[in-house]
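This is the structure, below, for whatever I ask next.
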Amino acid sequence: MDRLGSFSNDPSDKPPCRGCSSYLMEPYIKCAECGPPPFFLCLQCFTRGFEYKKHQSDHTYEIMTSDFPVLDPSWTAQEEMALLEAVMDCGFGNWQDVANQMCTKTKEECEKHYMKHFINNPLFASTLLNLKQAEAAKTADTAIPFHSADDPPRPAFDSLLSRDMAGYMPARADFIEEFDNYAEWDLRDIDFVEDDSDILHALKMAVVDIYHSRLKERQRRKKIIRDHGLVNLRKFRLMERRYPKEVQDLYETMRRFARIVGPVEHDKFIESHALEFELRREIKRLQEYRTAGITNFCSARTYDHLKKTREEERLKRTMLSEVLQYIQDSSACQQWLRRQADIDSGLSPSVLMASNSGRRSAPPLNLTGLPGTEKLNEKEKELCQVVRLVPGAYLEYKSALLNECHKQGGLRLAQARALIKIDVNKTRKIYDFLIREGYITKA
């Protein structure tokens, strides 16, 4: 450890030569018999046979150099120390600048070596960096490898999602263009000098105070965006769509007051009104049962089934008004009757239109190169191809349905359709797939 600890790219970090007091440059000599403190000599003093007090020129010695591997055969000890110093200077994750400072390794090599030996190998890290914690590190958990986060997302520059996020840069937690982006222009020509009059000095100070107030407004807006989670606009809209239409209208109205209260209080207010709406709807349903003389839920299920049957029969009875429109035209009347007969036989109107028009069904969607494809398994890829849904949208819909199912303890198809407002047939296929694969459960 002493040997490794003496290696550094900065000569001033090493002890000076005992002969000429110059900074030591590798390789240099360490006397094996003198010390402590250690007795170091540069090559010039060693070749002259320098002697000092108890040190004699015939003492045994060691050649101090860092040109040997420690952890990896392709990495020398000097490169190991240079890597640690570069990470300390440039910051973890800034591998391009780390590689530029080292000059001998690429950024991929630096990242791979550092993650392998200093992040994912806690036993070695504790042994090398802190011997006192070696015993405790034997029972320590394995370090978690670094993975980039998906929330907020990191879209490509100038993409549609990047424009939706107003140019937000997640790595810097800042925007490309600030609110009131040209506020600094008012200060570019201001210069405080001793010859300024009192009025001119007060005027300049007033401009600075105005600039400070504009900075405070900029920070206030940033805080509102971050606290309320408004950066990821798509996720925010999905969360809003899980409410019924009446609650969505309230959500839209109360959005302007979100800046006054905190995010937790605002969410509690909306959730409480959503719960109130559900309770009112449930009370109305129970009152309908009581009016009909129903006193148990078993009878209520029979009542709902019969009510649905009556509604369907009522809709069928209105067909008489439709056929009366064609009573004067016999050919049109026969065509309408044939269409109704096909519908009664089990064919949907969409199938009839497709068969009449002769149109072909849309081909499966090609997922090659689409973002998010690598996150899908084979069954999910097949679903996206058949439904013609891009992987990114499918992952957002899946996450929204999973969260709602976990929150409610189950999910109905009607709730899924209210949550993801796309084609109802696509929603049904996604819902059936998630049920079949065990991702969600029916309510």
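From the backbone N, Cα and C atoms, a Cβ is placed for every residue, glycine too.
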In Swiss-Prot, one of 26-35, 116-125, 256-265, 426-435 is tagged DNA-binding region. Which stretch would that be?
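Going through 26-35, 116-125, 256-265, 426-435 one by one, Swiss-Prot flags 426-435 as DNA-binding region.
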If you look at how Swiss-Prot annotates this chain, which of 12-69, 302-359 comes out as zinc finger?
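When 12-69, 302-359 are checked in Swiss-Prot, zinc finger belongs to 12-69.
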Cα distance, Cys34 (Zn(2+) 2 binding site) to Cys20 (Zn(2+) 1 binding site), nearest Å?
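A Cα-Cα distance of 18 Å.
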Check the domain 'SANT' (70-122) for me and report the mean pLDDT.
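On average, pLDDT over the domain 'SANT' (70-122) sits at 84.
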Could you tally the C-beta atoms, other than its own, that fall within 10 angstroms of the C-beta of Cys34 (Zn(2+) 2 binding site)?
18
Give the three-state DSSP assignment (helix, strand or coil) for His55 (Zn(2+) 2 binding site).
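Note: His55 (Zn(2+) 2 binding site) is in a strand by DSSP.
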Within 10 Å of the Cβ of Cys42 (Zn(2+) 1 binding site), how many other Cβ atoms can you find? Include all protein chains, please.
21
Given the binding-site residues Cys31, Cys34, His55, His59, state which is nearest to Cys42 (Zn(2+) 1 binding site) when distance is taken between Cα atoms.
Cys31
How does the domain 'SANT' (70-122) divide up by DSSP, counting helix, then strand, then coil residues?
36 helix, 1 strand, 16 coil
